[in-house]
Amino acid sequence: MIIPIQTNPNNPILRQKAKEVKEITAEIKRLILDMEETMEKAAGVGLAAPQIGQSLRVLVAKSNDEPRTFRGQSIFARKRGPQKVRGEIIALINPEIKKFSRKKVVMEEGCLSLPKQFSLIERPAKIKVKGLTEEGEKIKIKINGLLARIIQHEIDHLDGILIIDRIK
């Protein structure tokens, strides 16, 4: 189900730290599917639960970067057919960045919660993230490129940070 995206930067849900998910229930799995569908409909590459009014530490991200693996399996939740999605989608629950590279990259970013606003944002080029898959498996992965940027952006949302807060 497509859920309206919160677009008021003063909305308290976008400005507070989201709550940790204690248990991966059928409702959390449904939320992930709704987030994927909402992100796709909005032509986005990432979405955090607070952006659709849910104060939960859940994100989805899509990338065309080379596939990442963990224990020999793709990290992406489900492979989508090329007719629907250009890339693959990963869902992360309770994600936490454990390590940042010293190298930084400046790129223009947009945000589904701030339509038509774009800003140059500096972020680490590589990150190491831990979290849970939607099946509850613990995962720790090294990520670079566009996917690293997307995940950092979405984790910012989980911490109540918007791109307008990152402008230097």
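The first residue you see is number 1, and the count goes up from there.
In case you wondered, yes, glycine gets a Cβ from its N, Cα and C as well.
Note that TrEMBL annotation is computational and uncurated.
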Among ranges 14-41, 98-125, whichever one TrEMBL labels coiled coil: 14-41
Tertiary contacts of the coiled coil (14-41) (same chain, 6+ residues out, Cβ under 8 Å): 1-3, 5-6, 8, 47-52, 54-60, 62, 77, 84-85, 89, 91, 93-94, 112-113, 132, 134-136, 157-160, 162
Residues within 8 Å of the C111, H153, H157 Cβ centre (excluding the Fe cation site residues themselves): G46, A48, Q51, E109, L112, S113, E154, D156, L162, I163
Mean of the pLDDT scores, which run from 0 to 100, over the coiled coil (14-41): 97
